[in-house]
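One structure is given below, encoded as structure tokens.
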Amino acid sequence: MGAKQSGPAAANGRTRAYSGSDLPSSSSGGANGTAGGGGGARAAAAGRFPAQVPSAHQPSASGGAAAAAAAPAAPAAPRSRSLGGAVGSVASGARAAQSPFSIPNSSSGPYGSQDSVHSSPEDGGGGRDRPVGGSPGGPRLVIGSLPAHLSPHMFGGFKCPVCSKFVSSDEMDLHLVMCLTKPRITYNEDVLSKDAGECAICLEELQQGDTIARLPCLCIYHKGCIDEWFEVNRSCPEHPSD
């Protein structure tokens, strides 16, 4: 009997220590007090040993942990929106700063943008005839447009392609007419009887037995050399002024 009576007392002692709200009321009967004491003991044991709680309640705890982990991520959207607004304001400020320095349209000038695109330093702006400085006048002479011997106004003269002489621009027309209409020099064909030095055209030795051409100025050359020379020139290689 003593052991049976000590059981509820010990349970009531534990109930008072851990959970006072689970004690039965003073107006309850003895049987109800005993049942209440047993329920309080079970509640105290459940609070003291949480590992004995059924597994059906565990998903709710994990769901609560997931909700708690997801809760701090909510303010990220306003922060991203605030960053986007800052970037947009910076970009609009940059556009506003660049607006006073807009480049004018190159096609609004006297010469369109097509000329500037297709022009180069060599052709002098597309090779078009434009007045110098925008003033009315004749076509502009571009450097490199003509060979050196055909640009008399730039070099003060030209080299005659016939006689290889430099002639002033004032005498250019007359000199060309004279060179082109001048009769071809005739020569006497002969056989060299002895060595006579070197040929001024091919720079080879004139040896005995070679067929030579003797010009009116008494200059002698290889016949083949002087024939090739006369195909381009109409004067003696050593006396171009004659």
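Start at 1 and count along the chain as shown; that gives each residue its number.
Using N, Cα and C of the backbone, Cβ positions are placed for all residues, glycine too.
Considering S80, S106, S193, S235, the record held by Swiss-Prot lists S193, annotated as phosphoserine. Per Swiss-Prot, the residue annotated phosphoserine among S6, S145 is S145.
In Swiss-Prot, the annotation phosphoserine falls on S82, out of S55, S60, S82. For S193 (phosphoserine), other Cβ atoms within 10 Å of its Cβ number 8. Remark: secondary structure over the zinc finger (199-240) totals 8 helix, 8 strand, 26 coil, with classes taken from DSSP.
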